[in-house]
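First up is the structure itself, then whatever we jot down about it.
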């Protein structure tokens, strides 16, 4: 079985695959102080509660939080007796290399999402990921990542507004009943919701114009469904896009005799 691990700035997600069959997914908050032993106890407990067997013989990691990777490597080495692939490291091969400026480091999650989306939806894509940052990734005709856009994430924007303006409360984002708010909470919710609708529409339109061709828009991330309420922003929403991409990259490395 394959263990896929995706570490973001907010959450770390684990999934297990038996070949191409998805077995399960579990999520924990990202904490660089968490040890390999703690990860194992947590993961093995959840897996046993679902009456699954922990027969892991391969691991792959994608991480935007470098301080966490060390303990995840130890987890894979100590408890599963395997050397994990780490996306973005020289020993982890990619099916198609990104085409960006020399010296540019592309977030591994963006590379993983690019290939996962290409495998499912074909060429000429814009992948919108609603994470800690809201990212737009452009996928070329051969599946290569060719650049994109990074904007503050929804929750990050809410937190910044609350922290930067003492009189403004922290609110949950939701689709407001109308654009013009008649109280502070409604005004903030409207600004965030309609602001991000406009952000997505505007950036997608400009990417399509710059590329000069039709492009499908694939959304992922926990907040993606919030912005898919009759606005025709997305051609598809993929909840498990990163995990799917990690499995594909692992399988590619295996085919190439690497891992």
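Even glycines carry a Cβ here, placed using N, Cα and C.
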Swiss-Prot ATP site partner of 6, 7, 8, 9, 10, 11, 12, 13, selected from 132, 134, 135: 132
Neighbouring binding-site residues, C-alpha within 10 angstroms of residue 109 (active site, proton acceptor) - of 8, 12, 132: 8
Residue 184 (substrate binding site) and residue 129 (K(+) binding site), Cα-Cα, nearest whole angstrom: 28
Packing count at residue 6 (ATP binding site) (other Cβ atoms within 10 Å of its Cβ): 25
Using Cα positions only, nearest of the binding-site residues to residue 6 (ATP binding site) (107, 108, 110, 184): 108
